[in-house]
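Have a look at this one.
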Amino acid sequence: MPPPCCGYLSQYTHHHLVVFLLTFFSYVLLHASRKTFSNVKVSISAQWTPAFQNGSAPSFSPGETWEENRLFEDEKQATLFLGALDSIFLFSYAVGLYLSGVIGDRVNLRYVLCFGLCGSAVVEFLFGTLTEWLHIYNIYLYCGLWVLNGLLQSAVWPCVVAVMGNWFGKAGRGFVFGLWSACASVGNILGAFLASSVLKYGYEYAFLVTSVVQFAGGVVVFFGLLTSPKEVGLSLESETGLSPVERDTDSHRPLMSDEEDEAEAEAYARQYQSVQQPDEPLAEAPRAIGFCQAFCLPGVLPYSLAYACLKLVNYSFFFWLPFYLSNNYGWKEAEADRLSVWYDVGGIIGGTVQGLISDCMGKRAPVLAMSLALAMGALMGYSRSPNDRVINAALLATTGFFIGGPSNMISSAISADLGRQGALRGNQEALATVTGIVDGTGSIGAAGGQYLVSLIESKLGWMYVFYFFIVMTGCSIVFIIPLLFKEVLAMWRDRQALRRQL
């Protein structure tokens, strides 16, 4: 029987709210800084290419220009390199996700999360701000910094999903995670407005503002985040409730806590009991499962492959939408940045609504398949959008609803479901690993797609890019068809059983 879609909010405490907000805004800040790169591509491309070609001396090679310290001869070469940087970032991000998920199940989640946030902020400052201030233009330096940025940012998502999975049970997970997964879209919106507000001073100041804010957010999370209910004497007794348990006294406790004396007393009491009762068996702590074991869990592989195709489309909008609006319609870069947020608005609404519907149904795959089928039509409609800002914004929001919504649901609620499924036999140390596998596989697909987008656009034009998106969305549906049939069959059996009871 499907679980109830309401009435589960009463189980939550103020600790749940704090965890929700801290993890939400930590990823908001990360995505805001990540979005900055896509929002300033036009400015970066102009900085990396000469304003005037040297046509006064025919004997000069075509690469010679009036200006020095320019990386490329023309805008097309700069565009291809920007696409290559996107792919480099996503490939390193994907590799890092496979590793950070495994690390997150074995190391304090708070340490890994804050290391990723603060380290990434430093790298983005070096990439976008310091190199421009010092007039350092070097392809290999840019590539190296962007590889490091991808590895550091990969530490964040598996950790925040694991923390949320520790605090929120399956009851209402679709709605809670659907609302929470809006963090990426909210970050995109924040990044777009921050970048557009300081872009007139130079693109380096857009990187400066977002990197400083992100670093400060990492410090706040380090001192305030509770990674598990056990740290405050609570535990997920079942999928729907909390019960008091013995408090943890290890390093997972936030550094702002003032309960060290109490913790020492509890530790001493346990030590005394272990001496007095040596024959009493100790409870075995849950061990983290291996990477291959996590990959073989039911549903992990098909959802990972579907997400690879879907994230390709979603991240293509993320990386290229402001550039497309500026180049295809001739709109100013700051105006294109502000208009692009409508895609994220649609994704926020889509993830929340579709998550709530999946809670009411008790199934995820049917909602996912229906949304992706409608997304193909939305993509075709947006590819033919007229040069009108209102119509473009409406079509963007619709496309974001049907593309961003399923993407948010797979990367958050479905990943949490997979990391807490019955096949784990009570082992709870798999959530970060599974999340890393799903998001890492998705990032591999997105990485390959970003260079293809720039290549297809330079050879065939933007219309064929949208045809490519439609094909990839269709592939996502193909990969989840077995899961769709399985869930539809389970719903039919439940209905038949209910009829027999009546």
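Note that the numbers count up from 1, one per residue, in the order the chain is shown.
Cβ atoms here come from the backbone N, Cα and C positions, even for glycine.
Just lifted these from TrEMBL, have a look:
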COMPBIAS  245-256  compositional bias 'Basic and acidic residues'
DOMAIN    19-488  domain 'Major facilitator superfamily (MFS) profile'
REGION    237-258  region 'Disordered'
TRANSMEM  12-30  transmembrane segment
TRANSMEM  80-103  transmembrane segment
TRANSMEM  109-127  transmembrane segment
TRANSMEM  139-168  transmembrane segment
TRANSMEM  174-193  transmembrane segment
TRANSMEM  205-226  transmembrane segment
TRANSMEM  305-325  transmembrane segment
TRANSMEM  365-384  transmembrane segment
TRANSMEM  390-410  transmembrane segment
TRANSMEM  464-485  transmembrane segment
Would you call the transmembrane segment (305-325) and the transmembrane segment (12-30) in contact, using three or more Cβ pairs under 8 Å, pairs 6 or more apart in sequence?
no
For the transmembrane segment (139-168), could you work out the same-chain residues 6 or more beyond its ends whose Cβ comes under 8 Å from its Cβ atoms?
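Long-range Cβ neighbours of the transmembrane segment (139-168): 12, 15-16, 19-20, 23, 26-27, 30, 34, 71, 81, 85, 88-97, 99-101, 103-105, 109-110, 112-113, 115-117, 119-120, 123-124, 126-127, 131, 176-177, 180, 183, 225, 227-229, 236, 411-412, 415-416, 419-420, 428, 431-433, 435-436, 439-440, 443.
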At least three Cβ pairs under 8 Å linking the transmembrane segment (174-193) and the transmembrane segment (390-410), pairs spaced 6 or more in sequence?
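Answer yes, regions in contact.
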For the transmembrane segment (80-103), give me same-chain residues lying six or more residues beyond its boundaries with a C-beta closer than 8 angstroms to one of its C-beta atoms, as numbers and ranges.
37, 41, 44-45, 48, 71-72, 112, 116, 139, 142-143, 146-155, 157-159, 288, 291, 294, 315, 319, 323, 432-437, 439-444, 446-448, 450-451, 453-455, 458
Ranking 109-127, 205-226, 365-384, 464-485 by Cβ pairs under 8 Å to the transmembrane segment (12-30), which is first?
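Answer is 205-226, with the largest number of Cβ pairs below 8 Å.
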Near the transmembrane segment (109-127), which residues from the same chain, at least 6 beyond its ends, have a CB less than 8 A from one of its CBs?
26, 29-30, 33, 36, 100, 103, 142, 145-146, 148-149, 152-156, 159-160, 162-163, 207-208, 210-212, 214-215, 217-219, 221-222, 225, 227, 252, 254, 432
Can you work out the mean pLDDT of the predicted model over the domain 'Major facilitator superfamily (MFS) profile' (19-488)?
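Within the domain 'Major facilitator superfamily (MFS) profile' (19-488), the model's average pLDDT equals 79.
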